[in-house]
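First up is the structure itself, then whatever we jot down about it.
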Amino acid sequence: MSPAIALAFLPLVVTLLVRYRHHFRLLVRTVLLRGFRDCLSGLRIEERAFSYVLTHALPGDPGHILTTLDHWSSCCEYLSHMGPVKGQILMRLVEEKAPACVLELGTYCGYSTLLIARALPPGSRLLTVERDSRTAAVAEKVIRLAGFDEQMVELIAGSSEEVIPRLRAQHQLNRADLVLLAHRPRYYLRDLQLLEAHALLPHGATVLADHVLFPGAPRFLQYTKSCGRYRCRLHHTSLPDFPAIKDGIAQLTYTGPG
């Protein structure tokens, strides 16, 4: 490419960098810096975060553990977790619905799991599913450190596609009053349809889906709005520490056969 052509594209490149500077910062923190630290330490970011929690958080205090994870993400390494703003929305909805049984798809570091567990009424049960066994091991430690036992919070390591069909037979889950989709948005539609096919959503069940605007779940949103089985609402938010990057939590109420 000649210098003249390169100079012709320079204003466009500068414009894109300015317009998407927040996305560029996010890319640097979640991909470049994270990959470098993974190689340097031999540990994943969730494992490094848990080491920080062990030395800074109060065992048996889920609120303090959540605050410690927020501090780690803001001041040390970006964790790509739900964060306090979305967390308040999630806790409020869990408290309002008072579900007897909750299913979470995508445990990650256990952050949203703690949010749900501390908002549940006595006697409720939470099943949380994490595809990656190494990440699940970290989340298990976080959950137990917070003081939640296996009777209240059960962590299942495995892909949601394989776990959902086995929930009734192997985990005694006959219905999920509230479901949180917090794994990969491209799997949201598949897993929602699996929940429908296996009759795990009772009439009036609440389905919450994170990250429906960024990175986005357009097919999932289109399906829930057009299939006639859900009432839909969108809670507009943003990414933790990146207020300029808009995101949202979809709140669905199941009105189909249950």
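The backbone N, Cα and C atoms fix where each Cβ goes, and this holds for glycine too.
T107 (S-adenosyl-L-methionine binding site) counts 28 other C-beta atoms within 10 Å of its own C-beta, drawing on all protein chains shown. If you look up Swiss-Prot, you'll see E104, G106, T107, S112, E130, S160 marked as S-adenosyl-L-methionine binding site.
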Which one of these binding-site residues, S112, S160, has the sparsest Cβ neighbourhood, judged by other Cβ atoms within 10 angstroms? S160
What is the number of other Cβ atoms found within 10 Å of the Cβ of E104 (S-adenosyl-L-methionine binding site)? 28
Cβ within 8 angstroms of the Cβ centroid of E104, G106, T107, S112, E130, S160: which residues besides those meet this for the S-adenosyl-L-methionine site? L105, Y108, T113, T128, V129, L180, A182, H183
Within 10 Å of the Cβ of E130 (S-adenosyl-L-methionine binding site), how many other Cβ atoms can you find? Include all protein chains, please. 28
